[in-house]
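Scroll down for the structure; my scribbles are underneath it.
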């Protein structure tokens, strides 16, 4: 079970569980998968604003950035090949997710994280040593495979090993590491951009080996989750691990529930098909919607291309990288706020408050850029430039304590065991698909929409806030195995989907036991 603390079973039994050092260490090591993902997100924007990199791989863009008469401010980076450098990683991750779903279920969470680490290391070597565009893109594709495997396994691992009362906080370690990775990449880019000789971009891409190595070492050190071991019929090992992570020998009630829930889950032969059953639709709809909405906040457009974006609105290259470092630091600090508050104030409050903050900041940015930044305008004045950075930081901070971490947390804690691996696979797949779409389209959208790009994203923020208000239930402090009874069956909209006798009969499941008692 992903619960703990004193997590109630379906019958209301409390399971004894301490917050043990092995749980904390395992979660920290596993969450380094997020560090790699974040570094990949952050490094591409800085590298693509470096002139030596552009001259080697994208000479057409390099020529355009040097000739202000050739094109407009908003369109100088509009190049499909340049966008493919960033987006190829996410398309590869999307494909890898389907294979990762199999390895997560059959080989375990730990081995899937190790596979991710190996993909990352090989991809980093190819990127840092790239001699032509093909080698560069292949390296990015291998990094994408690592992202697919890591994003499949890490959130599941964190949800399953953490005690219920700190499940939200520990799960957000993944997102915290994503933000630290982005900040680390921004700092590296700021330093390597100053290297004489035109090879600074190789250092930026090569230093991705640091988080890649951490994830690989972490995957070798952590224990696999009891859920995963029991799911693969390694019952004695599962019980031994359960005793270690709970810090007590009194694990028999929890162990028996894990075994029974695993037995019932195995009766479902087609987990992806089972996702479409009526009683699993609420979790599926929310998981898919959260991933789509997370990308349409516009956050990755800003994080991928922060230096390019700041350069476009008139900051100049050096100041652009510096501004990206500032937004990266705000991202990290605000995610720490989420770790503290998510299990106290709840998921819905954070999402709704952030919706208001993101909407207002984006509208003001759009108005300001619409007035001050024309196609061929000179640099923004210092005062306006600082104000734009403050507004973007306001937007980033709201995202970082809400849609960033909760977009991963909520799906990982709501799917029942029999569809959890498939559900996480769909979650990651949808996330990477729309990340790819935004990454591939953003610079072209910036060229055509100009400052209106912020109006576009603010409109989506309004839509997603209403979605949360009416359709996303509160899951704070609810043990995962009790989600159906305490959350879905109580929700004014989703409770009508919980009448599932027909579904049970179709699957040959004994109606005397609730098949959705979850791990």
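From the backbone N, Cα and C atoms, a Cβ is placed for every residue, glycine too.
Remember, TrEMBL labels are computer predictions, not curated facts.
As recorded in TrEMBL:
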- 26-476: domain 'Major facilitator superfamily (MFS) profile' (DOMAIN)
- 19-39: transmembrane segment (TRANSMEM)
- 81-99: transmembrane segment (TRANSMEM)
- 111-130: transmembrane segment (TRANSMEM)
- 136-158: transmembrane segment (TRANSMEM)
- 170-191: transmembrane segment (TRANSMEM)
- 203-223: transmembrane segment (TRANSMEM)
- 284-308: transmembrane segment (TRANSMEM)
- 320-342: transmembrane segment (TRANSMEM)
- 349-371: transmembrane segment (TRANSMEM)
- 383-404: transmembrane segment (TRANSMEM)
- 425-445: transmembrane segment (TRANSMEM)
- 451-472: transmembrane segment (TRANSMEM)
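Only residues 6 or more beyond the boundaries of the transmembrane segment (81-99), in the same chain, are considered here, and those with a CB under 8 A from a CB of the stretch are 40, 44-45, 48, 54, 57-58, 61, 119, 133, 136-137, 140-149, 151-152, 304-305, 425, 428-429, 432-433, 435-436, 439-444. Listed by sequence, the residues of this chain that lie at least six past the ends of the transmembrane segment (19-39) yet keep a Cβ under 8 A from its Cβ atoms are 4-5, 109, 113, 116, 120, 146-147, 150-151, 153-154, 157-158, 161-163, 166, 170, 173-185, 207-208, 211-212, 214-215, 217-219, 221-223, 244-247. Under 8 Å from some Cβ of the transmembrane segment (170-191) lie the Cβ atoms of residues 23-24, 27-28, 30-43, 45-47, 50, 154-155, 158-159, 161-162, 200, 203-204, 207, 211, 303, 306-307, 321-322, 324-325, 327-329, 331-332, 334-336, 338-339, 342, 400, 404-405, 408-409, 412-413, all in the same chain and six or more residues away from its ends. Under the criterion of 3 or more C-beta pairs below 8 Å, with sequence separation of 6 or more, the transmembrane segment (320-342) and the transmembrane segment (383-404) qualify as touching.
A Cβ distance under 8 Å defines the sequence-distant neighbours of the transmembrane segment (111-130), meaning residues of its chain 6+ beyond its ends; these are 30, 33, 36, 57, 96, 100, 103-104, 136, 138-150, 152-154, 157, 202-203, 205-206, 208-209, 211-213, 215-220, 222, 224. Contact between the transmembrane segment (383-404) and the transmembrane segment (349-371) holds: at least three of their C-beta pairs are under 8 Å, each pair 6 or more apart in sequence. In this chain, the transmembrane segment (451-472) does not touch the transmembrane segment (136-158); fewer than three CB pairs sit within less than 8 A of each other, excluding pairs fewer than 6 residues apart.
For the transmembrane segment (203-223), same-chain residues at least 6 beyond its ends with a Cβ under 8 Å from one of its own Cβ atoms are 22, 25-26, 28-30, 32-33, 35-36, 38-40, 43, 46-47, 50, 110-111, 113-114, 116-118, 120-121, 123-125, 127-128, 130, 139, 143, 146, 150, 157, 181, 184-185, 188-189, 192, 195, 241, 244-245. The average pLDDT computed over the domain 'Major facilitator superfamily (MFS) profile' (26-476) stands at 84.
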